[in-house]
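*Asks:* Quick paste of what TrEMBL says about this protein:
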- 1-15: compositional bias 'Polar residues' (COMPBIAS)
- 21-31: compositional bias 'Gly residues' (COMPBIAS)
- 96-105: compositional bias 'Basic and acidic residues' (COMPBIAS)
- 118-135: compositional bias 'Basic and acidic residues' (COMPBIAS)
- 138-150: compositional bias 'Low complexity' (COMPBIAS)
- 1-154: region 'Disordered' (REGION)
- 210-232: transmembrane segment (TRANSMEM)
- 244-264: transmembrane segment (TRANSMEM)
- 309-330: transmembrane segment (TRANSMEM)
- 336-355: transmembrane segment (TRANSMEM)
- 367-385: transmembrane segment (TRANSMEM)
- 391-416: transmembrane segment (TRANSMEM)
- 553-574: transmembrane segment (TRANSMEM)
- 580-599: transmembrane segment (TRANSMEM)
- 611-629: transmembrane segment (TRANSMEM)
- 664-684: transmembrane segment (TRANSMEM)
Amino acid sequence: METGSLNSESLNRNVAMSVRGGTGKKQGGVAGKVEPFVSQNEHNPRELRSWAKRTGFVSDYSGEAGTSGSAKFEAFERKGGGSSPKIEIDPVVGRTRRDEIETESRGGAPRAENGAVLDERGRKEKERDGGERKVALNGNANNGMVNNREGNGHGVSAVAPVNEEKEGEEGNGDVKVNVFPEGEEHRDGGWQRPLGLKCGLKENPGIVPLIYYGLQHYLSLTGSLVLIPLVMVPVMGGTDKDTATVISTILFLSGITTILHSYFGTRLPLVQGSSFVYLAPALVIINAQEYRNLTEHKFRHIMRELQGAIIVGSIFQSILGFSGLMSVLLRLINPIVVAPTVAAVGLAFFSYGFPQAGTCPEITIPQIALVLIFTLYLRGISIFGRHLFRIYAVPLSLTIIWIYASFLTAGGAYNYKGCNPNIPSSNILLDACRKHAYTMQHCRTDVSNALATAAWVRIPYPLQWGIPIFHFRTSIIMVIVALVASVDSVGTYRATSLQVNSRPPTPGVVSRGIALEGFCSILAGLWGSGTGSTTLTENMHTIDITKVASRKVVVVGAAFLILFSFIGKVGALLASIPQALAASVLCFVWALTAALGLSNLRYSQSTSFRNITIVGVSLFLGMSIPAYFQQYQVESSLILPSYLVPYAAASNGPFRSGIKQLDFAINALMSLNMVVTLLVAFLLDNTVPGRQEERGVFVWSRAEDISTDPSLLSEYSLPKKVVRCCCCFNFKCLGV
């Protein structure tokens, strides 16, 4: 058997074996004879693999006749397993070598002669200490080689180290043999903290750091947690006391739902709370024609209407998760769908943002400028080893401008002769006060009487506003919105799992998270927060800034939220934020939501013309089609503010079928930017041809990978008692 100067590259472990041959002469001493490969016109691939395994044929170089440099044959899979065993094959004799490295028969790491597991560093040290290992083909004992014979008559040459090669020999070369099959990677079998994180997913930093990091995590989300009631409640006709009560309810529900999600949902460090996804449809329902002229108990009536719609939509979301239908839907939801949909959630409020903030430019423009300075220009400044300006950009800037607005109020900047700061209805009748009434209501810091009227201790309770009201038209709206909220959460799950260096969750785990979000939204409907509960998209930005991804930190912070919700003065203090100041903060928060949505495009080929076209068309039509529905004039004796006119299209839209309930639902849905964007993006992405890599198809953890390495799902595993209960009810579709 002749050997030439053959050299190929080992793709996975770089374990090199040098094959020392003669000078072009036939070698003797090799027991057994390798059967030649006879080509057939119609061959069975299994027979081809069997021949390759029996003869040891490994085509790892392009110079062999009749073979391709990239051709490889996979080893047989173990019975019931999902990965190939790690086998070293002598490329000439065709026997499996078991002298130096054992096969990885049970998914573990390679082992040495004494059975010890060799990690990456250990293998390199062993190769460095032992030097190159030479395989003798002539069976000459004088060269330090001994032929081992087995009962089948084949001879397998032993391995012995040789310090150096003889110079002058022709035809000598090195053949590097793959010890592990292509595509296999070393698995450590457990979770490790990724580089850059201060606190990993399963870590417990201690009592004091837990409290500090927990409060820090929620302070950075202040704008998303508590500012929604400042937009909704005044439009609903609620008082300052009602605003404080709704804020306390939202804090309570956010704490409860976050704890539930951390233990029974996806178990990722995600904060649950009132989402902006539900704000736009809530404003549509609030501005329905029959509610515009209500004067008595308007707030409670609209809140009960919202509660009934949220409960119905949440039940649909729970069924979507518990039934396993979400797993089927996940095959059609990709970054090209998620990115424009989430971006449309933030862009939908452009008509409210600065038009509302522009009433008091002397405080709102400094607020927007200050939060941008903190997040962009001062983001690299570290104080006591912490980037305080990036972490606390919103609460810090809000506090500074709030104090500044208090000085303006106390200094008489908003005083007008003959006008009451509390703006009673009599001021509307006076010409001198009419033009100043709106400014005084939105800019003064002493207008709200929430602190004076709120109780020190108040515990939110279910049905505190009354029995929910169920109508078909509003229920249909919230069912579609619940689907949009699910799409939003799917993108957040994927992005957060990559941030904390966790494996992507399985479709079952995602279904479990969506099902629990639906259940939490049912709680929000019963307690009456005005919006449903879902995963806050801004949480991804918070984890990226704070570098804290421990679920225990999130749970401790949620416990503090529950405690603060019992203190009525806390909600009252937040309710006294001037409305214009809250709108300026929301300008930044909504812009951040749009940017985080578009950031999902990094999981796809963002330069692809296909993707660029789909995202662009989806966003444009998602803004333009609702504008068409919103252009119809409002039929009301009261003139709505300009920022509320787009949400009055449900009662006056162009769709007319003769069924009032259906007309209201269709006009409302088509006037919502996020709904139209989702429909267009979903249709185009799933009908226009494109490769998986181009589309950025989410590759969730696969069942075959989990069967060989169960530790892949250790981060998402439920508590043991919960697993037993779920197994009794056969909830395998939830990743149990």
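Note: Cβ is positioned from N, Cα and C throughout, glycine not excepted.
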*Asks:* Count, for each of 391-416, 553-574, 580-599, the Cβ pairs lying under 8 Å from the transmembrane segment (336-355), and report the range with the highest count.
*Replies:* 580-599
*Asks:* For the transmembrane segment (244-264), which partner among 309-330, 367-385, 391-416, 553-574 gives the most CB pairs under 8 Å?
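*Replies:* Ranked by Cβ pairs under 8 Å, first place goes to 553-574.
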*Asks:* With Cβ-Cβ distances below 8 Å as the criterion, list the same-chain residues six or more beyond the ends of the transmembrane segment (611-629) that contact it, or say none.
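*Replies:* Answer is 336, 339-341, 343-344, 347, 601, 604-605, 646, 649, 653-655, 667, 670-674, 676-677, 680-681, 684-685, 688, 690, 694-696.
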*Asks:* Same-chain Cβ contacts of the transmembrane segment (391-416) under 8 Å, 6 or more residues past its ends?
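*Replies:* Those are 216, 219-220, 222-223, 360, 362-363, 366-367, 370-371, 374-375, 432-433, 436, 439-440, 443-446, 545-546, 577-578, 581, 585, 588-589, in sequence order.
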